[in-house]
Amino acid sequence: MCNPGFTGELCEFNINECSSSPCLNNGICTDTVNGFRCQCPQGWTGERCEVDIGGCSNDPCLNNAKCIDLFQDYFCVCPSGTDGKRCQTSPERCIGTPCMHGGICNDYGSGLNCSCPAEYTGLGCQLDYDACEENICQNGATCEDMGEQFRCICPPGFTGPLCEDDIPDCLPNSCPPTAQCIDLTNAFYCKCPFNFTGEDCRKPISIDYDLYVNDESKSSSVALAAPFDLGTSSISVAMWIQFNSHESSGVFFTLYSVESLHLPVGKKILLQADQAGILIALFSDTVPDTFIPYLKNVPINDGQWHHIVIMWSGETGTVSLITDAAVAGTITGYGENLYLPEHAWVNLGSPLDEQNRATASAGFHGRISRVNIWNRLLDVSYEIPTQFRSCKSAPVLYNGLLLRWTGYDRVDGTIEREGPGTCGEYICPVGFTGDACVIQTQDKLPPKPLECPQDIWIVTPNNSAQVTWKEPSFIDSMHTLYVMEHRGLTPGQTLSRGIHQLSYIAKDAEGNTAKCDFKIHILKEFCPLPPPPVNGQRHCSDWGPNGRFKVCTITCNSNLEFSQPVAKFYTCGAEGIWHPPSGHGSNLVFPACSAKNPAQKIFRISMNFPSSVVCSESGKKILKSRIENNLIRVNREWRICTDNIPGVCNGLEVKVHCSKQARIKRQLDNNELYIVEISFPANKDPVVNINTQQQSSIQKVLESAILQNQAFDIHDTLPNVLPDLTSLDMVTDYSCPAGQVVVAPYCVECGLGTYYDNSSKACLSCPVGTYQDGTGHLTCKACPVIGEKQGITETVGARSSDECKERCSPGMYYDDVANLCRPCGHGFYQPNEGSFSCISCGSDLTTKSNKAVS
């Protein structure tokens, strides 16, 4: 055997390695023993002269320019604003202090960057840094803005300036010695050794139980307390499932991959099972997801228990779904030679959102049991049939077992643990029990409404209407039902105007009952749109189902205002009438707008003057005179009163009365008290000092005069009387002439249909039988005589004599369409005169006369 580099029978020949021309780019090859050496021309290097000696190896380009290798040269791609072979020429960018608020300017040649102080941000540090706006607090913390500072209020379980640190919850003695403490958010979980449970991890695991997701809304879930290790090249997942009712639907099992062995964060779906089949998403990033349905003739949502097994082999790339020991489907070429994620987590019931909360209406209603996961494939011919043959007596397959039927402690919703379990047992039809399901049981379940009508609205100009409706239907487990309407009403019956409450009651043979309630609304008009307010505007929109209902707001035209309180919104809903009512019967009439003028501002002051001697009439007069003189003196300088004549304050009123001062125990009897109340017509703020031209508000001027300049100090005249400065109270009020009300800061004339009530200082609606067609009046006008009787209005607030109608006799009503009195008709009555409608006798009742009064 020859040494490397030689050949021949006696190894006498040196192998010429240059014979294959290994040197590139005209390099000269020199043969050596078992090798060669290339002498490269200028511009090339490398073992075979394959490397171009460009200029970029020494990073010649400046100012962040990109370097491109050329043959024995380089080229710099210069950023905007730079120039030169090496892009070395650039302007001085930090000239002119481009960084504000003390920011440091960094010139990079091709650009600049401002390093801003902590309280500023922006390209030029020109913006105030709002940490709360930038969501700087982490882990769901609340950010509190404190001006130039901020504070993160951490949720339970987190700490740190930004709530970035998870508070360790595992302490040395948190768990038994044999358990592993898993740190959760604001909690911890003691993971017992395999096959053990309990507070001290000494109790063997009991798997004889089922988890009942008892939630008809399908919005509940239960998950493992902590993730578990996976990271395998094969997996088998087996479980028992029972939907609560026939043809029910929803997700009942989800296997997630997670990023941590302690917390279910960064979760992605690996497997998900519902009533239709299994979603396979083991490798969503690299392999398309797939779906395997159940066998059509073996539906799992038939109310019975079913055994489900999902298996994947990374060695063969095969996925299998087996239901009740029968192969439902197999997929090949899926994830061959791949490994599952390192950590996994199981959730039963409704899938979870980003906050690990159950998704509404996405889960299932039923029971689940014996969820186990292995790191190997189960034997289809023996192990799976053994597990299916008897759920409760099947042996535990410990070989490769990763997850046992235990540890489901994270509950969201209504989850019940039922033990001993019933998994695998045949479920008898409702009403029967026993091994052969032939023993009849007592029916304790009430019927359920299958169809219950919505409310019905009938609009008719008549006082009654014939109404038909689809009667409710019910379903019961025993199929024997008696259904009736509690008032005996039937479709096609004539109902009077108004709202009728219908209640259908279904009763089964055992006396269990169910109800269906709905209303029938017989209306003259449904949400009749009222006209806009006089001298104002109406803004209405639709709401409710199919835009059936309405809502309105009202405003006045420029320089006008409402003289009566108005609602923020006027709404008309299911009853077909407007709320709040206006007092105009069933029809809504908006208040009228009327003229407004600036109100007279009244400034009021009150203050106490305790006295150590008796409170006398002489003292009251002295106190009144001194306060008046001092206020007039202030007015000369500041013009706080509305009079333009210096030294005059017309309307200034000072009232002084005596009272007993409240005293504490053991206090002397010297508890007399002068109470001073002052009011005057005041100018608008600001007022101006005629000497200094200084501007101020009236309140500040008087506070300064009283508190600092002692304008109310009368100690020189009444030495035993001192002002109680703590009792000083100042308020601004407004005053309007009769016929107008204060709507600060304006006076508004009482509108059409109203009069001014001097006792309440309010505009009240004209009573029935009167009207007012003008504004700012103190009384209403009586209706004229019509048909030898004093006319009457239908409601309060009439605005014209046209609203005065004939006063009909009892047993009759005024028809405002025909403009005459009509009899109430059979089945109706009216005991009062002057009525505009009659009262229904009710269902199945009538009257002898068409002019009944009772």
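Placement of Cβ uses the backbone N, Cα and C atoms for every residue, glycine included.
According to TrEMBL, the feature disulfide bond maps to Cys2-Cys11 (among others). Secondary structure from DSSP puts Cys2 (disulfide bond) in coil.
Look at TrEMBL and you will find Cys40-Cys49 (among others) tagged as disulfide bond. Long-range Cβ neighbours of Cys49 (disulfide bond) (same chain, at least 6 residues apart, Cβ-Cβ under 8 Å): Cys23, Leu24, Asn25, Asn26, Gly27, Cys38, Cys40, Pro41.
Here TrEMBL flags Cys78-Cys87 (among others) as disulfide bond. In this structure, Cys78 (disulfide bond) belongs to neither helix nor strand by DSSP; it is coil.
Of all Cβ atoms in the shown protein chains, 21 besides its own fall within 10 Å of the Cβ of Cys116 (disulfide bond). The feature disulfide bond is assigned by TrEMBL to Cys116-Cys125 (among others).
Counting every protein chain shown, 21 other Cβ atoms lie within 10 Å of the Cβ of Cys154 (disulfide bond). What TrEMBL lists as disulfide bond is Cys154-Cys163 (among others).
There are 17 other CB atoms within 10 A of the CB of Cys201 (disulfide bond), with all protein chains counted. Taken from TrEMBL, the feature disulfide bond covers Cys192-Cys201 (among others).
Sequence annotations record features per position, and here TrEMBL assigns domain 'EGF-like' to 1-12 (among others). Long-range neighbours of the domain 'EGF-like' (1-12) within the same chain, counting only residues 6 or more positions beyond its ends whose Cβ lies under 8 Å from a Cβ of the stretch, are 33-35.
Mean pLDDT for the domain 'EGF-like' (14-50) in this predicted model: 88. Positions annotated as domain 'EGF-like' by TrEMBL: 14-50 (among others).
Sequence annotations record features per position, and here TrEMBL assigns domain 'EGF-like' to 52-88 (among others). Per-class residue totals from DSSP over the domain 'EGF-like' (52-88), listed helix then strand then coil: 3 helix, 12 strand, 22 coil.
Here the domain 'EGF-like' (90-126) is broken down by DSSP into helix, strand and coil counts: 0 helix, 10 strand, 27 coil. Marked as domain 'EGF-like' by TrEMBL: 90-126 (among others).
Beyond the domain 'EGF-like' (128-164), the same-chain residues lying 6 or more positions past its ends with a Cβ under 8 Å from any Cβ of the stretch are 116, 118-121, 184-187. Residues or ranges marked as domain 'EGF-like' by TrEMBL: 128-164 (among others).
Remark: secondary structure over the domain 'EGF-like' (166-202) totals 0 helix, 13 strand, 24 coil, with classes taken from DSSP. For 166-202 (among others), the entry in TrEMBL reads domain 'EGF-like'.
Residues or ranges marked as domain 'Laminin G' by TrEMBL: 212-391.
According to TrEMBL, the domain 'HYR' annotation covers 442-524.
What TrEMBL records for 525-595 is domain 'Sushi'.
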Neighbouring C-beta atoms (10 Å sphere around the C-beta of Cys78 (disulfide bond)): 23
Whole-number Å value for how far Cys11 (disulfide bond) lies from Cys201 (disulfide bond) (Cα to Cα): 76
Rounded inter-Cα distance in Å - Cys87 (disulfide bond), Cys116 (disulfide bond): 28
For the domain 'EGF-like' (90-126), sequence-distant contacts whose Cβ falls under 8 Å of one of its Cβ atoms, 6 or more beyond its ends: 62-65, 78-83, 148
Same chain, 6+ residues apart, C-beta under 8 Å of the C-beta of Cys192 (disulfide bond), given in sequence order: Pro176, Thr178, Ala179, Gly198, Cys201
Neighbour count (Cβ, 10 Å) for Cys2 (disulfide bond): 13
Beyond the flanks of the domain 'EGF-like' (14-50) by at least 6 residues, Cβ under 8 Å: 3-7, 71-72
Cys116 (disulfide bond) and Cys154 (disulfide bond), Cα-Cα, nearest whole angstrom: 27
Chain residues in Cβ proximity to the domain 'EGF-like' (166-202) (below 8 Å; excluding those fewer than six residues from its ends, i.e. six or more beyond): 139, 155-159, 225-226, 261-263, 404, 406, 409
Cβ neighbour count within 10 Å of Cys87 (disulfide bond): 23
